[in-house]
Ligand SMILES: [Zn+2]
Ligand SMILES: [Zn+2]
């Protein structure tokens, strides 16, 4: 059987998250907030899913560049693995630094910094846009002459390390603080305290920050999140708000020079009122976000089932037909949008249930193409439309019980 064993990263990460939660509880600390955890996991699930479709493309790009443009012919050896680790980390430093200093790149990286908590779930906040951006930077490695197989193995290890630095349960690590990026260093990176802004970009080694003058020690308690917090649980808004802010600023710029400065200059160049105006336009942050056990349960179940679906999908990906892959992806993305919208108490979530039903029926019909499946689906949909008003009210009462709408 041809299983994808990388899928076991999902239960492994969840086990570490559970362990961190237990340690935090034992220490009497609250490092986890319900909506932050759900949203962090949602971003991570979407990225893992998108990865299954893009990882082949990235390998193809590295291979193409290596075969056509490699400057040196490098054969794998211990010394060269070390060289590759250092090169990868060096490229990461500049990728990460520019992701903070260039608006266009910040559009992708901002999602990593939206959480106002700091725990292992924050490490999941990587988007597929960020994966594309990183690949662009790492494309220099095959051009230098590192074989694509070596690069992808290194990126796997290099991608694993940052998971462990997203925690408040580990203090300072003695002598390691001088060489490696530690949880303490990365807490500074995620903080919005003025003295901590745009510091500690390193991924594995802290030497680059010390070399290029961006290193700061953790001295006072960090305050996590963006300098202008989002105040929104919306999955889509979190992914696209900064792109929209950039587009808004470009449209309101007067000269081409100004437009260029907005896109390729520092993120501070976006229009200061863009966020507020766009929030108004997309009715973001208008609803009072009130959590209730009832509402939380519905979200927890959805995330749990989605994680199980993701794990099975990744494990068996070589056996899943393309049509079912597309259905599973649409089902997972609509569920993540649903969870975010439920946390904002949006009433349109009800219509998403119709969409999920159609996706589900399509995949069942693909696997079992019997007229009875379509007939059953049509009867259910017709009933749904006929009793639409009552059904919608019942659904909203069920999901949002105890919350005044
Ligand atoms: Zn960052
Ligand atoms: Zn981070």
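The backbone N, Cα and C atoms fix where each Cβ goes, and this holds for glycine too.
Remember, predicted model here, so these are calculated numbers, not experimental data.
It is 49-66, from the ranges 13-30, 31-48, 49-66, that TrEMBL records as transmembrane segment. Long-range contacts of the transmembrane segment (137-164) within the same chain: residues 6, 13, 16, 58-59, 61-63, 65-66, 69-74, 76, 80-81, 84-85, 87-89, 91-92, 94-95, 120, 123, 181, 183, 186, 203-204, each at least 6 residues beyond the stretch ends and with a Cβ under 8 Å from a Cβ of the stretch.
Confidence for the domain 'Fatty acid hydroxylase' (81-214), expressed as mean pLDDT, is 94.
For the domain 'Fatty acid hydroxylase' (81-214), the DSSP counts in helix, strand and coil order read 91 helix, 3 strand, 40 coil.
Most Cβ pairs within less than 8 Å of the transmembrane segment (348-366), among stretches 78-95, 322-341, 372-391, belong to 322-341.
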